[in-house]
Structures are given as C-alpha cells and as structure tokens.
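*Asks:* What TrEMBL records for this protein is below:
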- 11, 12, 13, 14, 15, 16, 17, 18: ATP binding site (BINDING)
- 9-195: domain 'Thymidylate kinase-like' (DOMAIN)
Ligand SMILES: Nc1ncnc2c1ncn2[C@@H]1O[C@H](COP(=O)(O)OP(=O)(O)OP(=O)(O)O)[C@@H](O)[C@H]1O
Ligand SMILES: [Mg+2]
C-alpha cells in the first residue's frame, strides 16, 4: 500500500494554525485523501496528560524537563497515531511537531540546540514531516489574537522577549530545512493567508502526483 504523508503546521500562539488546519483538512478530503488531524503536545491519551502538565500555569519546571516531556509525548504520538496512520496510507496533519521544540524549548527557554538534535534523532530517527507550513506573525499580533479568544496558558503568559526568541528559533529551522518548510506571512488578511496556503498545497500535491507516476 502507498504510504501516507505527514504535514505539520507551526507558528507562535495566535499565528492561525487552528484556523488553517480546518481548511487544510477540508482541502485534503476534497482530494479524496483520508486525513488524521492531531496536535502536539498531545494526540494520545498519555500525550494529552503530558500536555495538561506542560500547559498548567501552576507548574514550574526546568527547561530540559520541559523538552524531555515534549519529546516523550512525541514518542507516544509517533507510535500510536502518526506512524500507524501513515502506514495505512492516511495523511496526518499535526498542529505543531518537533520544530516547535527547537523554537520554544531551544530558543525560547535556552535548551542547548545540540541536545534537542540528539532527542530528535533518538525519538524520530530519520523521520521528518513531508511538509511543514510555518505561519509567521509578529509577536504583538499573535498576542492580540490569542488574548481575544481565551485565557493564557503557561506558554501564552510568557513575555514578548520570549516569543521573539521563539520566532527566531522557527526562522532558524526554516533556514536549515528550506525544502521541507514553507513560510507564510500570517499577518496578512485571512483570505490572503489561505490563498497562499492553497498555493503551497497545490504545489505539494502536484509534486506528490509526479513522484508517484
Ligand atoms: N490572518 C488572519 N487575520 C485575522 N485574524 C486571524 C488570522 N489568522 C487567524 N486569525 C484569528 O486569530 C485567532 C487565533 O487564530 P488560531 O486560533 O487559528 O491561532 P493558533 O495559531 O491556532 O493559536 P494557538 O497556538 O493559541 O492555538 C482566531 O480568532 C482567528 O480567527
Ligand atoms: Mg490553535
């Protein structure tokens, strides 16, 4: 059976990931693809418990503890959801994946990049998303959007300086993986971001079709 694909959406809080993920699911369904929508941290029973721990405002934890818990949740996510779905031939779309660990725990919290590379290799071996869409927004804009919809969690209550570092981390990953990662300007009006995403998806879809011929 033909393998499925793995697509991830990345960006700081309020970038528009959830909004565009819903569109992406419809887009892929319209192509006749079976889609599994999931998120990180989370996506499994154990992962969702780890997510609750990680987002809980009452907890403080060492930056490396946070990184280890993120990768622990990811290990479970790969084992229970992502890899089985891809092996069935389904497409998996995840709201965040390991690029977020480099951005948040690496640049945001200061965990050594090399340690994250080691964790990534340990947990994923040579497995990477087939496509990652990074939605880039200025920190203030992301914050305004999130503040208008819900109360802040342990990450969302971080400073602007923290989110500036996170954004730098994402941009560094885009620089390292220019083929896999596509950057969208999330500060544009919603329909323009969607049109740009549609362009990225059409390109990706055509490329897949060409490779499978
Ligand atoms: N390009 C845009 N223009 C205007 N509003 C937008 C745009 N993108 C998203 N929004 C709005 O901003 C809010 C946050 O968007 P969304 O929940 O999709 O972000 P997110 O990246 O999933 O955030 P989080 O990381 O907190 O889950 C929503 O109310 C959404 O409608
Ligand atoms: Mg969201």
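The backbone N, Cα and C atoms fix where each Cβ goes, and this holds for glycine too.
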*Asks:* Filter the binding-site residues 12, 13, 14, 15, 16, 18 down to those with CB closer than 6 A to an atom of ligand 1; keep them in sequence order.
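*Replies:* 13, 14, 15, 16, 18, in sequence order.
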*Asks:* Could you check which of the binding-site residues 12, 15, 16, 17, 18 have their CB within less than 6 A of ligand 2?
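*Replies:* The qualifying binding-site residues are 17, 18.
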*Asks:* What is the average pLDDT across the domain 'Thymidylate kinase-like' (9-195)?
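*Replies:* When the pLDDT values over the domain 'Thymidylate kinase-like' (9-195) are averaged, the result is 96.
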*Asks:* With a radius of 8 angstroms around the mean position of the C-beta atoms of 11, 12, 13, 14, 15, 16, 17, 18, what other residues of the same chain does the ATP site pick up?
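*Replies:* Apart from the listed residues, the neighbours are 135, 137, 142, 145, 146, 186.
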*Asks:* So, in DSSP terms, is residue 17 (ATP binding site) helix, strand, or coil?
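*Replies:* Residue 17 (ATP binding site) sits in a helix per DSSP.
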